[in-house]
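A.B. asks: Below is one structure. I have some questions about it.
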Amino acid sequence: MDHLPIFCQLRHRACLLVGGGDVAERKARLLLEAGAALTVNALAFAPQFKAWAKQGMLRLVQGEFNASLLDDCWLAIAATDDDAVNNQVSEAAEARRIFCNVVDAPKQASFIMPSIIDRSPLMVAISSGGTSPVLARLLREKLEALLPQHLGKVAGYAGQLRRRVKQTFTSMSERRRFWEKFFVNDRLAQSLANDDEQAVTRITETLLSEPLDDRGEVVLVGAGPGDPGLLTLKGLQQIQQADIVVYDRLVSDEIMNLVRRDADRVFVGKRAGYHCVPQEEINQILLREAQRGKRVVRLKGGDPFIFGRGGEELETLCDAGIPFSVVPGITAASGCSAYAGLPLTHRDYAQSVRLITGHLKNGGEFDWHNLAAEKQTLVFYMGLNQAAAIQEKLIEHGMDPQMPVALVENGTSVKQRVVAGVLTELGALAQRVESPSLIIVGRVVALRDKLNWFSSK
């Protein structure tokens, strides 16, 4: 380890920044956020420095660097475009045993500035030791996506509760269990983010007063249509907090690779070598694991409330008194149509869109007359086996036999394939694709060649 990570308390402590340009301005902003008593020395200053000085936030010393400016300083930063001046500052600081950072010259510096993720009071610092600042920045961007913006409020509120929690729960194990429930309580986190004091108080009192049983919870998460980049940030956060993930065939391998490595995985879909797990058995798996105290994520392709049976699963949990929450996902109709260059609505072609399941319960029948109307787009989920019947019924009820149609196979993934034609060909086209595929019927399909942007294998 070439550098020891430390966090400095600089509030009201004297610090010197040498430089008055854009780079120095960025360093000044960080020092001011940390509460430093900042002096800035330069031959000339960018306008922002003058504005800060006018507000009394820092002191400006215009002119050549003089080592006496380091007197009584705790920390210094050299951020000029003159290597000789930067070296002069570094040597003067070293002689006084003052830590000094030299921008873009880590070998001359006694400390380096990391990339920072600020969720005050929670702080995350990332450094490559000065060898690759771009890599550190890219890692910071990835972590920024994982850490919710409201995390700082949660951490700050936890600090306020520490004494009361210690008084309420006498044993270390009880306090640990309380904090585990506290930090994964999504309702509390959202209430803190919204500054909803009444809700925060109500949830806190419930957490403090209810028995510390081993009851877990279930989070229903929509994984989106396939491309892992379309998984929502909240969905990603939830699957990385899960003790167990119950998933089906429509969840891509790329998304499953994002699951916490030590989490249990239970596959409940249907594919080669596996039998489809009945819905009632899935419901019982969720219930059983939550009753064991697990944080369960039920991960479904697309959006769990659009032909995903999410409501059925939650009813079982609700009846059993198991806490649950829902993270919506991008449904297949939205994701697959976008990646296939097919706008679902368009002023000239479609003023509405209908999402339709290819499976009706107990032999039910669609309202084919209204489905055959113009100026709309039809999207059939799970409709491959019914494609010939869909073709026949739509034509029978008056739809133009030359209505454009498209089938999107493995939409949004690198395996995406789009097969297009007209309504009279729908049954035959369905024989050329495999599940999972989406059927799209409407005039908007004619725009595909013009609007297609996604390159796939």
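Each residue, glycine too, has its Cβ placed from N, Cα and C.
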A.B. asks: May I ask you to find which of Met123, Met172, Met382 Swiss-Prot records for the S-adenosyl-L-methionine site already listed with Pro225, Gly301, Gly302, Asp303, Ile306, Thr331, Ala332, Gly411?
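C.D. replies: So the S-adenosyl-L-methionine site in Swiss-Prot includes Pro225, Gly301, Gly302, Asp303, Ile306, Thr331, Ala332, Gly411 plus, from the candidates Met123, Met172, Met382, Met382.
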A.B. asks: Inside 8 A of the center formed by the CB atoms of Asp22, Val23, Leu43, Ala44, which other residues of the chain have their CB, for the recorded NAD(+) site?
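C.D. replies: Result: Gly19, Gly20, Gly21, Ala24, Glu25, Ala42, Phe45, Ala46, Ala79, Thr80, Asp81.
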A.B. asks: May I ask which residues of the same chain, at least 6 positions away in sequence, place their Cβ under 8 angstroms from the Cβ of Ala44 (NAD(+) binding site)?
C.D. replies: Gly20, Gln62
A.B. asks: Given the S-adenosyl-L-methionine site residues Pro225, Gly301, Gly302, Asp303, Ile306, Thr331, Ala332, Met382, Gly411, which other residues of that chain have a Cβ within 8 Å of the mean position of their Cβ atoms, reported in sequence order?
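C.D. replies: Once Pro225, Gly301, Gly302, Asp303, Ile306, Thr331, Ala332, Met382, Gly411 are set aside, the remaining close residues are Gly224, Leu250, Phe307, Gly308, Gly329, Ile330, Ala333, Gly335, Cys336, Tyr381, Leu438.
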A.B. asks: Please determine which of the binding-site residues listed here (Val23, Leu43, Ile306, Ala332) has the lowest count of neighbouring CB atoms within 10 Å.
C.D. replies: Leu43
A.B. asks: Counting only residues 6+ apart in the same chain, whose Cβ is under 8 Å from the Cβ of Ser128 (phosphoserine)?
C.D. replies: Leu135, Ala136
A.B. asks: List, in sequence order, the same-chain residues at least six positions removed whose CB sits under 8 Å from that of Gly302 (S-adenosyl-L-methionine binding site)?
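C.D. replies: In sequence order, the residues whose Cβ lies under 8 Å from that of Gly302 (S-adenosyl-L-methionine binding site) (at least 6 apart) are Gly222, Ala223, Gly224, Pro225, Leu250, Gly308, Gly329, Ile330, Thr331, Ala332, Gly335.
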A.B. asks: Just the number: how many Å between the Cα atoms of Asp22 (NAD(+) binding site) and Ile306 (S-adenosyl-L-methionine binding site)?
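C.D. replies: The separation of the Cα atoms works out to 50 Å.
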A.B. asks: In the structure shown, which of the binding-site residues Pro225, Gly411 has the fewest Cβ neighbours within 10 Å?
C.D. replies: Gly411
